[in-house]
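Taken straight from TrEMBL:
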BINDING   K49  ATP binding site
COMPBIAS  589-637  compositional bias 'Low complexity'
COMPBIAS  638-653  compositional bias 'Gly residues'
DOMAIN    20-288  domain 'Protein kinase'
DOMAIN    390-456  domain 'PASTA'
DOMAIN    457-524  domain 'PASTA'
DOMAIN    525-590  domain 'PASTA'
REGION    321-349  region 'Disordered'
REGION    552-577  region 'Disordered'
REGION    589-661  region 'Disordered'
Amino acid sequence: MSDTTIGQGVPAPRVLGGRYEVGALLGRGGMAEVHVARDTRLGRSVAVKLLRSDLARDPSFQARFRREAQAAAGLNHPSIVAVYDTGAELTTEPHGGRVELPWIVMEYVEGRTLRDLLRTDHPLAIEECLSITEGVLNALEYSHRMGIVHRDIKPANVMITPAGEVKVMDFGIARAVSDSSATLTQTSAVMGTAQYLSPEQARGEQVDSRSDLYSTGCLLYEILTGRPPFTGDAPVAVAYQHVSEQPRPPSALAPQIPPAVDHVVLMALSKDREHRYQTAGDFADDLRRAVEGRPLRGASFATQRFDAAPTAATRVAPAVAPVPAPVPPSTGALPRVSDSDPPFEEDPPRKRWPWVLLVVVLLFGVGGVGWALVQGDGGDAGGAEQTSTAPATVTLPDLAGSSQAEAEAQLAELGLTATVVTAADDAVAEGDVVSTDPVAGAAVAVGGAVALTVSTGPDAVQVPDVSGRTQEQARAQLTAAGFTVGDVTTSDDPSVDAGEVISTDPAGGTSQPRGTAIALVVASGQVTVPDVTGQSLADAVDQLRQLGFSTNSTTATAPTDAEPGTVVSQDPSPDTKADVDAVVNLVVAPERTATESPTSTPTDSPTSTGSPTSTSATSAASTRGSSGSGQTAAGTPNGNGNGNGNGNGNGNGRGDDEEEQ
């Protein structure tokens, strides 16, 4: 939609679907931006997620995204962030083209992500860790029953509300991106967050609900120990560990973790999905048993055959042809871990042959196959025989700094395939390549795979709440958190001392990329003086004191027609600025005396002529008129007896005469 302005060059709010006014940015991710918005039709706050324009160019992606968003909108569970609406808007690209940009309207949740919670509040109590994980599993149990696989469970996608409730985000979106066969299978790319990828995701195999349970096991491992089960210098190395290496028991990093919890975590992290928990309910049940000290049922769950065929909503074509894992998965259920178990040890030497084979393969110039999330020829015998010949190789160009699309296109021209993992990087723009594995200049066999690490932009950091701080204190706190200070404006606020911060934009508590400029609104220390003239003194004083002013009142000495006790003037004048603690001087109309008439008009001379008795008549008439007797003045038939007290002897006494007649 085109930009419009209101009034004197003020930009109109961006409105989606004719009802959602898009507001401040809440956060950015590898796929989208999330903004707070207002639903003008229902009068409520919502969150709007806008997909990146480069992903919106593909018509098949748009169609799949809409279907998946609609499916996610059908998920109605208290532990799932609700999806309210979907749509798309036409937007103009930098080169002038027009593209439909899909968007999703979601429930706006107050709280923090589990990622932010880990940064500030770790270590968490074991009971709290298990409770959070149970909330995630409750959401997954429902979504799996509805045929939706999340595929991207991680701390950044789990919200914790101020009341401690768990909310899982991004249902449908992650799957819609991963399921775009027209986009992803053309480059054989595998998308995911390396620390939480299941082995089958890393190998490019079809995923099912048990892949979500593996990722949940990674999440539980991290909130218990403070680190994910596998770490490495590069995301591709981490993904390789998911496929080939066994995790250390959590208690090896945090000795306070009991053996039962160790067992639950390691069961969830089994390489072979047949040996994991088969449902989210099974996983949650063993968590509760671990908390209550009851015997676990994990071994019986793992021996059950997983026969449920994927539904149409969960069936996903593999993006990369599966290959055998470098280390064969274990064939039995994980043993129960106890305090008497020996410390974690490396695999015995007989299991290290894949590493030797990997070195040999690297020496023959196909290094990308071993380390990357590979695409092979199916691992048949013929392929094995090919390793004895010198395969055709190409030199890998330097792709760092290229966009993901450009890098994939270059690799395709060289006969290579791409595997993609994402990572935050403060120095590389979102969507651009950070590094490759193998490195630039390496010889790679034609048909081999190259791992691309693609930046998701700067790592998101929670904006500190600096309200009530001085401008200098706020600047120091924001700088220490990795932000810069943007525009500083002043605003009148009697509740905040001069020079202190009223608010920030983006707001405190939201997650923003490092380096984001934070605008400050600082209290001016002044308030506009209201107009209190005409009000009673009590009302005027009350209004002024609510704004922080003191008052001083005096009584008017000059004549005034104002109602007694009301304010006739003030200093400072209305609608002027004054310091919050300034004194406002009020002048109040005096009370009237008992003999004072509000409409009395003194007469300087009598109005009758030629009457010798006019003076006395006037006096008498005045006296009697004041008493209101209604009789005519003595000796003056036409005297005024109506009580107006003017005593001029010319009043109309006709009414009295007629009454006497």
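Just so you know, glycine gets a Cβ as well, placed from its N, Cα and C.
TrEMBL entries are annotated by machine, without manual review.
Secondary structure from DSSP puts K49 (ATP binding site) in a beta strand.
For the domain 'PASTA' (390-456), the model's pLDDT averages out at 86.
In the domain 'PASTA' (457-524), helix, strand and coil residues by DSSP number 10 helix, 28 strand, 30 coil.
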